[in-house]
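S.K.: Sending over a structure as structure tokens; questions will come in a sec.
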Amino acid sequence: MIYQADTLQVKEIQDGIAELSFCSPKSVNKLDLATLESLDKALDALTSHQGLKGLMLTSDKDAFIVGADITEFLGLFAKTDAELDQWLQFANSIFNKLEDLPVPTISVLKGHTLGGGCECVLATDMRIGDKTTSIGLPETKLGIMPGFGGCVRLPRVIGADSAMEIITQGKACRADEALKIGLLDAVVETDALYESALQTLTSAINEKIDWQARRKQKTSPLTLSKLESMMSFTMAKGLVAQVAGPHYPAPMTAVITIEEGARFARNEALDIERKYFVKLAKSEEAKALVGLFLNDQYIKGIAKKAAKSASKDTERAAVLGAGIMGGGIAYQSALKGVPVLMKDIAQPSLDLGMTEASKLLNKRLAQGRIDGFKMAGILASITPSLHYAGIENSDVIVEAVVENPKVKATVLSEVESHVGEDTVITSNTSTIPINLLAQSLKRPENFCGMHFFNPVHRMPLVEIIRGEKTSDETINRVVAYAAKMGKSPIVVNDCPGFFVNRVLFPYFGGFSMLLRDGADFTKVDKVMERKFGWPMGPAYLLDVVGIDTAHHAQAVMAEGFPERMGKQGRDAIDALFEANKYGQKNGNGFYSYTIDKKGKPKKTFTEDILPVLADVCADKQEFDEQTIIQRMMIPMINEVVLCLQEGIIATPQEADMALVYGLGFPPFRGGVFRYLDSVGIAEFVEMAKQHADLGAMYHVPQMLIDMAAKGESFYGAQQQGSI
């Protein structure tokens with residue numbers, strides 16, 4: 001043994017050839033701080049090892065290295081610029097040491113080789129993988145960019161254009177693609193991988209492969225003419241500006257880094273990479289996006305605990321109510337390996353549900369994500385039925401009939417009589433209280449809400465709603481089932497609107513009040529999209545949700561929270577509803593809609609909306625962008641905080657993920673609680689006070705007032721790794 005540490009070891013495997021194996025005692029290998037320090041010492045040991053002829057990098061896991069340890073990021077980013085720069089110099093000195101070994105080196109890859117793992121293997125002379133290999137640099141998705149030499153080495157290995165595509169998109173390449181662009185030198189069968197790598201390394205040792213020329217290419221400036229350079233980087237900047245936009249600076253910063261470093265040799269180019277990495281790491285966007293990743297891991301951890309605590313797994317499910325929503329739920333369940341009975345009282349609805357599932361599967365088939373055999377198997381695992389026969393075999397029932405409390409209560413009571421005592425029954429509802437529906441059941445402890453978002457196959461969030469009598473066992477089983485479906489389940493307590501709709505309607509309330517006071521709804525949409533970062537402004541979102549749906553939900557919320565959400569007279573939503581302008585569904589709402597060549601609705605502003613709004617809107621008034629943002633966001637933020645204060649949602653992490661996954665809250669802002677920490681709670685309280693005369697929606701919850709007085713934050717030292 002040449003060197004041994006907790007997460008890696010080095011041994012000589014045959015005359016002069018050493019193997020450095022990453023072998024973390026955990027389930028995956030990560031390039032955490034401890035592993036980096038061990039790698040540094042291992043390379044020192046190799047440098048002083050007599051008779052060294054070549055080095056292989058291997059992993060004892062199904063994945064080579066999944067990346068750096070993201071739990072350590074926020075702690076690192078909290079360092080001063082100088083401290084972070086110094087740490088990056090140390091980290092890069094390790095990979096330089098690997099690259100500068102006086103012998104040929106090869107990385108033997110299988111499974112994921114991502115982020116820091118990819119940057120590590122770029123420092124070796126050769127890379128060989130099997131068909132399971134996936135290699136790439138996802139850092140820009142976290143608001144940063146490669147900082148271990150990825151922006152320097154990758155363009156020199158595969159060319160600037162391919163490198164910029166991978167880095168700016170945060171892309172991972174499959175083995176065949178990586179081979180095609182030169183990121184891998186060979187792809188072989190898994191059984192032959194180790195031996196093939198050994199043979200390749202031996203060929204390099206025997207000078208049959210010019211490994212020194214490869215190394216020189218990586219440590220020299222990029223070979224681009226002035227014209228090539230101008231074309232590559234100008235085009236890349238244009239594409240990135242179009243796709244990433246101004247709220248996500250990491251992709252553009254990566255392009256600038258590669259461009260500026262192109263004319264320098266390795267060490268000078270690494271200095272440039274380090275400078276820009278520090279700038280990104282200190283940004284609010286990086287803090288928010290890394291925080292979201294950690295929050296997502298937190299949600300997944302809760303789901304894993306639920307699955308372990310549940311007395312049984314969901315092996316079969318049933319959906320009551322077909323159509324597009326029921327078909328979407330059935331599709332998602334079957335896709336993830338849980339056969340489902342889809343029951344409805346009308347054959348046309350069953351046909352629509354099966355058509356929806358078939359349409360979604362055909363899309364996957366066209367994208368090459370499944371083959372015909374797999375598609376047929378998934379479709380066959382959805383059983384449409386007009387009867388309850390066979391439903392007794394289901395572990396979980398999802399009721400998804402029309403949003404009517406009497407109809408739902410009847411269906412729930414009926415299905416309970418057809419299933420066993422340990423069958424869990426759930427209701428997919430967005431507005432009807434779970435405690436009310438539970439009254440129709442003999443076993444309310446086996447019942448909870450399971451609120452899917454539309455379209456089911458795209459929206460990651462599922463709200464799991466706990467009623468007063470819902471048992472922990474029921475919650476655990478439903479959370480585990482939602483996770484099995486590939487969703488992100490978040491448990492909330494029952495209240496009008498649950499969590500997501502409850503916090504959405506004060507936002508719509510703020511919008512209605514802006515229109516009442518003379519704001520132009522098209523300007524409000526532009527500000528909330530372009531400046532704040534929502535995927536849709538409030539008027540456009542209302543059109544997509546459906547004005548009729550919003551009108552009904554608004555009435556439910558007004559009844560549930562009359563002080564904050566009760567209305568004084570008619571508003572814009574009422575006016576459109578009364579004019580039968582329901583939004584996209586009937587082609588007219590705030591905007592008018594036509595179908596484009598791709599079959600998608602295209603919105604345009606037409607003046608026929610103005611008379612409809614005339615009696616609920618004041619004469620046109622100009623509002624600056626900050627006022628629009630404040631008047632739109634303060635009501636939502638206050639309601640989110642009240643939900644935490646009242647225990648409707650358990651943690652800031654779950655609230656922020658629900659907002660991003662369920663409403664499209666701008667990811668670069670990290671959710672309401674991350675946003676509050678970024679703005680400063682005391683600053684937010686003062687800002688809200690300036691709008692207090694607008695009504696109760698703008699009155700700050702006591703929790704925020706108390707936290708502001710104590711100088712507290714929601715995340716604080718949380719998610720900060722110990723450095």
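Numbers here mean position along the shown chain, with the first residue as 1.
Keep in mind that glycine also has a Cβ here, set from the backbone N, Cα and C atoms.
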S.K.: Among Met325, Met354, which is the one Swiss-Prot gives for the NAD(+) site where Asp344, Val401, Val402, Glu403, Lys408, Ser430, Asn454 also bind?
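M.R.: When Swiss-Prot describes the NAD(+) site, the candidate it includes is Met325.
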S.K.: Since Swiss-Prot lists Asp296, Asn501 for substrate, which candidate among Tyr661, Tyr675, Tyr698, Tyr715 does it give for that site as well?
M.R.: Tyr661
S.K.: Within 10 angstroms of the C-beta of Asp296 (substrate binding site), what count of other C-beta atoms is obtained when all protein chains are considered?
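M.R.: Taking every protein chain into account, the count is 17.
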S.K.: Would you find the one among the recorded positions Glu139, Met325, Val401, Asn454 whose Cβ has the most company, meaning other Cβ atoms within 10 Å?
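M.R.: Going through Glu139, Met325, Val401, Asn454 one by one, the largest Cβ count within 10 Å is at Glu139.
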S.K.: Can you give me the Cα-Cα distance between Val401 (NAD(+) binding site) and Glu119 (site 'Important for catalytic activity') in Å, rounded to a whole number?
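M.R.: Taking the Cα atoms only, Val401 (NAD(+) binding site) lies 51 Å from Glu119 (site 'Important for catalytic activity').
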S.K.: If we check Cα distances from Glu139 (site 'Important for catalytic activity'), which of the binding-site residues Asp344, Lys408, Ser430, Asn501 wins as closest?
M.R.: Asn501
S.K.: Rounded to a whole angstrom, what is the C-alpha distance between His451 (active site, for 3-hydroxyacyl-CoA dehydrogenase activity) and Asp344 (NAD(+) binding site)?
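M.R.: About 19 Å separate the Cα atoms of these two residues.
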S.K.: Closest of the binding-site residues to Asp296 (substrate binding site), Cα to Cα, picking from Val402, Glu403, Asn454?
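M.R.: If we rank Val402, Glu403, Asn454 by Cα distance to Asp296 (substrate binding site), first place goes to Asn454.
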S.K.: Spatial neighbours of Asn501 (substrate binding site) among the recorded positions Glu119, Asp344, Ser430, Asn454, defined as Cα within 10 A: which are they?
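M.R.: Matched recorded positions: Ser430, sequence order.
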S.K.: Drop a 10 Å sphere on every Cβ of the recorded positions Glu119, Asp344, Glu403 and tell me which sphere holds the fewest other Cβ atoms.
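M.R.: The recorded positions Glu119, Asp344, Glu403 were compared, and Glu403 has the fewest Cβ atoms within 10 Å.
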